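J.: Just dropping this structure here.
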Amino acid sequence: MCACGILLTFTLLLHFLGVHSMNPLFPSASRGMKVSKSVPAEGNRRAKYGKNVLSASLLSGDIQSRRAIKDAIEPHDYMISIYKTFSAAEKLGLNASFFRSSKAANTITSFVDEGQDDHLNSPLWRQKYLFDVSTLSENVEILGAELRIYTKISGSFRASETGPVEIQLLSCQSHTVLDSQTLDLEDAHKPKWEVFDVWEIFKERQHHSHGTRFCLELRATLDNPEREIDLQYLGFHRHGRPQLKKAILVVFTRSKKRQSLFYEKREKIKLWGLDSIGKERRSHSKTRRSRRTALPNRHGKRHGKKSKSRCSKKPLHVNFRELGWDDWVIAPLDYEAYHCEGMCDFPLRSHLEPTNHAIIQTLMNSMNPSNMPPSCCVPSKLSPISILYIDAGNNVVYKQYEDMVVESCGCR
């Protein structure tokens with residue numbers, strides 16, 4: 001499927017699900033398509049995922065402290081809308097082929113601006129945005145990048161008296177103009193998100209540099225480049241800006257190799273230190289042993305007569321808190337994974353889609369059970385789920401993880 005066709009599919013998906021934020025998952029979406037660059041802010045419609053936490057220490061190794069830090073990080077509305085869109089699509093079975101395309105991004109990472117304004121009462125002619133992108137893996141293909149800046153024009157700014165305003169995004173190193181657009185002054189005093197395409201410069205920077213910081217600079221001009229406007233009048237200043245209204249760099253990537261959920265856990269292990277993880281593992285191990293002792297066997301007796309039920313899909317409810325993963329997983333906190341269980345005995349049913357090898361093995365087992373075990377009841381089809389989580393650098397990440405839900409079972 002060509003990039004344009006995939007983008008059209010995605011646009012229709014957003015429209016169908018009632019999500020109206022721009023979401024370029026492909027290079028064509030962020031650098032080739034000239035769509036509206038001003039996205040209305042969602043305001044109070046944002047779901048409250050985080051809670052204010054006064055202080056917590058990540059290096060303490062304490063699980064509750066790590067959970068408190070996770071709770072203090074609130075995802076931007078944009079990341080929540082991405083998660084909700086694709087989670088809903090997965091439930092409806094709409095985006096399976098969409099994400100299987102080699103062009104599609106399966107990971108979207110948001111980096112929050114760490115820059116500071118120089119002076120409170122001085123004119124703001126240039127605004128620098130700094131992002132720590134050190135957690136971005138080298139084993140990913142960068143498919144798109146955009147800078148999203150929340151702005152609300154000051155009430156003292158008279159748009160009708162100034163004429164069109166052009167805002168320009170520049171490289172901090174070369175000061176070359178990367179992107180520019182005319183500020184939409186209609187309903188200018190309503191809050192909105194301005195979106196800039198930074199895919200080319202970010203890809204070049206990642207290719208030639210291994211630094212941890214990515215820097216961009218913003219300025220605004222009137223009818224010629226010499227007449228710059230104080231950015232504070234246009235609402236680009238940082239003073240009094242809450243965390244959820246800070247600028248974010250959104251990077252769209254696709255992993256060059258399949259990653260498991262344990263990849264993020266390993267990255268956090270490196271950050272937390274081995275001692276704390278050793279204690280956590282021992283604690284979880286004791287908990288698991290006590291659960292095995294206290295809880296009855298779900299599958300009945302392990303010894304004696306075997307179950308006669310045939311291979312089929314059975315419930316398996318996964319709770320990330322019980323796994324100890326709720327210190328980094330934002331959503332979902334639980335989901336239905338299902339599992340496969342039952343006998344693969346002769347004759348094998350066609351709906352189990354047995355392989356030729358499984359058919360032969362099952363036939364041999366029926367003739368001589370003591371010498372040949374039966375074929376195994378395993379997942380024959382799996383589907384992905386969307387996960388919104390916090391990475392080792394405390395960045396909010398959306399990722400679609402493959403092979404998370406059993407759709408059907410078979411004998412292998």
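The backbone N, Cα and C atoms fix where each Cβ goes, glycine too.
As annotated in Swiss-Prot:
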- 281-311: compositional bias 'Basic residues' (COMPBIAS)
- CYS311-CYS377: disulfide bond (DISULFID)
- CYS340-CYS409: disulfide bond (DISULFID)
- CYS344-CYS411: disulfide bond (DISULFID)
- ASN95: N-linked glycosylation site (CARBOHYD)
- 280-311: region 'Disordered' (REGION)
- 1-21: signal peptide (SIGNAL)
J.: Would you kindly give the Cα-Cα distance separating CYS377 (disulfide bond) and CYS340 (disulfide bond), rounded to the nearest Å?
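T.: CYS340 (disulfide bond) and CYS377 (disulfide bond) have their Cα atoms 6 Å apart.
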J.: May I ask for the distance between CYS411 (disulfide bond) and CYS377 (disulfide bond), taken between their Cα atoms and rounded to an integer number of Å?
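T.: Checking the Cα atoms of CYS411 (disulfide bond) and CYS377 (disulfide bond) gives a distance of 5 Å.
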J.: List the disulfide-bonded residues among CYS311, CYS344, CYS377 whose C-alpha is within 10 Å of the C-alpha of CYS409 (disulfide bond), in sequence order, or say none.
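T.: Those close enough are CYS311, CYS377.
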J.: For CYS311 (disulfide bond) and CYS344 (disulfide bond), determine the Cα separation and express it in whole Å.
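T.: Here the two Cα atoms lie 6 Å apart.
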J.: Please report the distance from the Cα of CYS377 (disulfide bond) to the Cα of CYS344 (disulfide bond), rounded to the nearest angstrom.
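T.: Their Cα atoms are separated by 6 Å.
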J.: Under DSSP, is CYS411 (disulfide bond) part of a helix or a strand, or is it coil?
T.: strand
J.: If I restrict to non-local contacts, at least six residues apart, and a C-beta distance under 8 angstroms, what lies near CYS344 (disulfide bond) in its own chain?
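T.: Same-chain residues close to CYS344 (disulfide bond) (Cβ under 8 Å, separated by 6 or more) are ARG310, CYS311, LEU352, PRO354, ALA358, THR362, PRO374, SER375, CYS376, CYS377, CYS411.
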